[in-house]
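Undergrad: I'd like to ask some things about the structure below.
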């Protein structure tokens, strides 16, 4: 059926200057012609998006439509046109919260309390609506306007997910390194508490101008986070009230089940009794540290942008860290056209590609385990990795579709388990296609090395495709297709 090209955005809105840019999108100021009201239009080039990216875009729009709160950047319209999708948001003109703080003449604990209160109000609304943001960080905390006392607005729901109640599940490895929670780093089921951990990191920075977890080496940074290894060093923390430290401790609790919730945090004395509990003393040292923290965030962001534009990836740090200032170290950037080169240049880069790489590696690993079970003649181990309804096309079945594992039992009991000679298998050029969150397909060439009856080394080759499905957190092979040599080495 022929579809007419929608031009509703072009008809209803007038576009103006560029406000920002992403990999597949640009943000521009726009005006609704009928009302004269100004907005920010996120313009996504859908021609360049994969099916998975399309799903993410739909999810982001669906989530943003749900959220209507004074401390959240609101989505007003979502329009698809030929090759382009428009998301029309509030136009927020106050810039980043952290940039505004360093321009203030006066900044105290009480101000930090007011900032985190607004962030917590936004997080509470998200959680009440069944949304987990997953990427709370300074870059996503904006101010509604340049006016004094302008509202803090939570932005960028590109990584946000929908959850049912207090559901905990593995939703993928996503976020920004210094703000990731221990449960995400441990690849454990997670949910709303990940946002509260990030709030703890943000509050820590709001009070002293540097983050609780930092290391030049990303692996060591992750070890620190998993161990909850942060402290309140002198002299800067000596002037912070015990109540502020108590709230940070409750947010940076390793066990997510014991971590404070947004609703509980809003009832904490340091928040709800601010005027009598939070210190009013001006924190000049915090402002100075925060200036350096902001400068490095911007510099590293610029370096990353340049690297992405020029494809010049380097793992060396181009500048040294100023003494006495801590910062989180960044993410791995993968450039498919440039091999697996890595960069540790940006503190503020969101990771999701790392999750995709990890999931693909998981599929390769489970395929290797399955083949190891075949080579060792371990039928019980084989059936644990295979779905009971496994279907297959294989040379042994002479072109017939086989269902279940009983057909394979014969080979395990009469040939594979009887062989005492070593068998070695190599998977060449494995290609993994991820199909949503819980399904994947892997294609590869399988080389099997073995000793024949005359003790002569032999090699067999087969071409295989396996389809995997994850049930209850466990990958199972549901179908495979093999051509070429059979599984059992020929004599």
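All positions are counted from 1 along the displayed chain.
Any Cβ shown, glycine's included, is placed from N, Cα and C.
Pulled these features from Swiss-Prot for this protein:
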| type | residues | note |
| --- | --- | --- |
| DOMAIN | 13-271 | domain 'Protein kinase' |
| BINDING | 19, 20, 21, 22, 23, 24, 25, 26, 27, 42 | ATP binding site |
| ACT_SITE | 135 | active site, proton acceptor |
| COMPBIAS | 328-338 | compositional bias 'Polar residues' |
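What's the neighbourhood like for these features in this structure?
TA: Around residue 27 (ATP binding site), the same-chain residues six or more apart in sequence whose CB sits under 8 Å from its CB are 18, 19, 20, 21, 40, 41, 42, 43, listed in sequence order. The secondary structure of residue 27 (ATP binding site), as reduced to three states from DSSP, is extended strand.
The secondary structure of residue 135 (active site, proton acceptor), as reduced to three states from DSSP, is coil rather than helix or strand.
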Undergrad: For residue 21 (ATP binding site), just give me the three-state DSSP call.
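TA: Note: residue 21 (ATP binding site) is in a strand by DSSP.
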Undergrad: Just name the most isolated of the binding-site residues 21, 25, going by other Cβ atoms within 10 Å of its Cβ.
TA: 21
Undergrad: If you measure residue 135 (active site, proton acceptor) to residue 25 (ATP binding site) at Cα, how many Å is it?
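TA: That comes out at 18 Å between the alpha carbons.
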